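A short worksheet on the structure shown next.
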């Protein structure tokens, strides 16, 4: 009886402890749920956005382990022994000489002629030894690169040999002063328009105004250009020497397009040069095997950017990528040009002979045409790729396209980087599967698989419970036996078929 009384007296204390435990559980649940609601309400996201607003992001997270990042190349240091070019506006384009020269060339579209028909200082290029444009170079510092640039512009880019509207100054010390009359030619200056169209294909956007879409309004032998769209039709193209400092941002792409221009008009098939000679450079510049690293001068931001052998293997397998072309140019610059820095003529000749085997001319010309057609194109400067933050693996970098003078936003090619992220996952899973297959014996894997299949089948059969004989109510279950055609036990225990309820 005393125990019962003691138990009843302890009930309030037990209830008090239960209430305390319940309060603790409720408090923990409220705190956890409160933090969850606080994280989902967007307050922390707003504070993070306000802190990071106005700052540039080098990468964008795609999921918990993949991010979208990029690398930007400094092409001006890649080919410092070649002419670099840039466009200041729709009427002025500049070429500057290599790093060891001081000359520059200015290409200007204008409607004002600087050549006086009665002046004796100007001569027709067609009368200068079959149109030898090198006779127009009177800069006195000469140089093989300048003569090559003038000849390439005149013969291979402009596709004119004895253009009747081309004149230049031939006075000693007069510098370079060449004028092309774009209005001379049949049917309203078609020669001039072809000349400008070819030059615009090399220079690219914003040179769409150089082409000038106009209609011929011909009456008899007189033709006038009317309804010009997309730009003004200029009358003269003037090439003259100038200084090149601080005009605009220079790039060698126009020179590369110029070197490929002859190939674009040729029907001779060619084959890209084969494999890379990549090696990995450490922080001290020593070469170690295992991949390829871009040196600090080759990229815009400070530091060393490395790509593993998987990316380089993709370039060896597929040549139809702008990034692979750029890597070939870097490799060419490091392994060939560095031995010819003192001989500009030899290095230039080597570049002309090997450029067609280094990069895909179809990609370069295709991007040039996209540039003229106002379609997003590749300028071979900025490339995006997917980076795995855990393993450090990269996808094959893709060109970050340019439109209207600026790079596209990430959302404009979202499908592309999502697809690359998925492909990177697939490659990682495939590699893990191959490694696992290499470490595990194939016979053991087969035994494990078929044993699992056997176990699954037996579980299914056990659940079904296939009947083997009838049970007659009131009698014991017979031993295992066969069943006759009358569904009776073959053991003879049941001799007559009874009309009873069967179980």
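Cβ coordinates are placed from backbone N, Cα and C, and glycine is handled just like the others.
Swiss-Prot lists 2 with the feature N-myristoyl glycine. Residues annotated as topological domain 'Cytoplasmic' in Swiss-Prot: 34-58, 468-503. The disulfide bond annotation in Swiss-Prot covers 86-248, 293-306, 315-324, 378-399, and the record cites sequence analysis as its basis. Residues or ranges marked as N-linked glycosylation site in Swiss-Prot (evidence: sequence analysis): 89, 111, 181, 241, 379, 387, 404, 409.
In sequence order, 86, 87, 88, 94 make up the list of same-chain residues 6 or more apart from residue 248 (disulfide bond) whose Cβ falls under 8 Å from its Cβ. Distances between the Cα of residue 409 (N-linked glycosylation site) and those of the recorded positions 111, 181, 324, 387 are shortest for 387. Looking at the topological domain 'Cytoplasmic' (34-58) alone, the prediction's average pLDDT is 73. In the shown protein chains, 11 other C-beta atoms lie within 10 A of the C-beta of residue 89 (N-linked glycosylation site). Secondary structure at residue 409 (N-linked glycosylation site), taken from DSSP and collapsed to helix, strand or coil, is coil. A Cα-Cα distance of 10 Å separates residue 111 (N-linked glycosylation site) from residue 181 (N-linked glycosylation site).
Around the Cβ of residue 324 (disulfide bond), 24 further Cβ atoms fall within 10 Å across all displayed protein chains. Nearest to residue 241 (N-linked glycosylation site) in space, judged by Cα atoms and limited to the recorded positions 181, 324, 387, 399, 404, is 181. A straight line from the CA of residue 379 (N-linked glycosylation site) to the CA of residue 387 (N-linked glycosylation site) spans 22 Å. With the fewest other Cβ atoms inside 10 Å of its Cβ, the least crowded of the glycosylation sites 111, 181, 241, 379, 387 in this structure is 111.
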